[in-house]
Amino acid sequence: MCSFFLVLLLWQNMAVPPTYADLGKSARDVFTKGYGFGLIKLDLKTKSENGLEFTSSGSANTETTKVNGSLETKYRWTEYGLTFTEKWNTDNTLGTEITVEDQLARGLKLTFDSSFSPNTGKKNAKIKTGYKREHINLGCDVDFDIAGPSIRGALVLGYEGWLAGYQMNFETSKSRVTQSNFAVGYKTDEFQLHTNVNDGTEFGGSIYQKVNKKLETAVNLAWTAGNSNTRFGIAAKYQVDPDACFSAKVNNSSLIGLGYTQTLKPGIKLTLSALLDGKNVNAGGHKLGLGLEFQA
């Protein structure tokens, strides 16, 4: 009897692999989070007593002076595994999303996503399905377009830290596969390796290393078949203290990104960032960014 419960416990603790879109995510986060070049951004997140979540975001591009904004409300009906989401942005696009998870079957997630633009009359609807269990993560999305539905499928298998994934897109209007991607990787709590091939022409790879509790590093590499130009970058994130972190990255084009995030007080976070051209430091044209995030 004891051995039965031990086997059951080990089985339940087996890792569920990430979705195909999340493969290599840790390395991407080191390269992207904590930066906002050329933007002045304001984010506000609040949650009411009944569980209704409000998220609003606004940004201004310092070069084009264009202002963008969005508003999102989300309500979770935990008892029935339901999540209702309403979205709006300054392009006057309205969106509705309904998700049900772990109700029809354990690990199964169903989402109905629709959007409508009153200005153009454009409508869009998607049905997304996802299923995850030990060693496997499946996804299938159907995008209903005027030209004809398109089907995107993805599969990720995992075993003892090793990951292998495949993603494809089939357009019914063309009756052919228009995208075919493959990825292989290895993942532990402190180290991640990710490689991918997109459509047999684009190749990429990344390495993520958590050196210690304060320091995270990442390297990425990409190139295209028939093009000798290889894209290369390194990045690091250092947690100075519980309320502050510093980020830096550089690529083979000598573009240097710097970011600093400071928690001013609980629920208020300030982010400063700069993008410098290492080849023309004195020429100007560098980009600065400022972000404020409020959460209550």
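Yeah, the Cβs are placed from backbone N, Cα and C, and that goes for glycine too.
Checking Swiss-Prot for transmembrane segment across the ranges 2-11, 162-171 points to 162-171.
Of the listed segments 15-24, 255-264, Swiss-Prot assigns transmembrane segment to 255-264. Looking at Lys25, Lys109, Lys187, Lys249, Swiss-Prot tags one of them with ubiquitin cross-link, and that residue is Lys25.
As annotated in Swiss-Prot, ubiquitin cross-link applies, among Lys41, Lys210, Lys214, Lys287, to Lys287. Cα-Cα distance from Ser253 (phosphoserine) to Asp277 (NAD(+) binding site): 8 Å (rounded to the nearest whole number). Taking a C-beta cut-off of under 8 angstroms and a sequence separation of 6 or more, Ser26 (phosphoserine) has the following same-chain neighbours: Gln192, Tyr208, Glu216, Ala218. Residue pair Ile256 (NAD(+) binding site) / Lys174 (ubiquitin cross-link) shows a Cα separation of 42 Å. With a cut-off of 8 Å between CB atoms and residues at least 6 apart in sequence, the same chain places Tyr35, Phe37, Ala235, Ser247, Ala248, Lys249, Val250, Ser273, Ala274, Leu275, Leu276 near Gly257 (NAD(+) binding site), listed in sequence order.
Listed in sequence order, the residues Phe37, Leu258, His286, Lys287 complete the 8 Å Cβ shell around the NAD(+) site centroid, once Leu255, Ile256, Gly257, Ser273, Ala274, Leu275, Leu276, Asp277 themselves are left out. Between the recorded positions Lys123, Leu255, Ser273, the minimum number of other C-beta atoms within 10 Å of a residue's C-beta occurs at Lys123.
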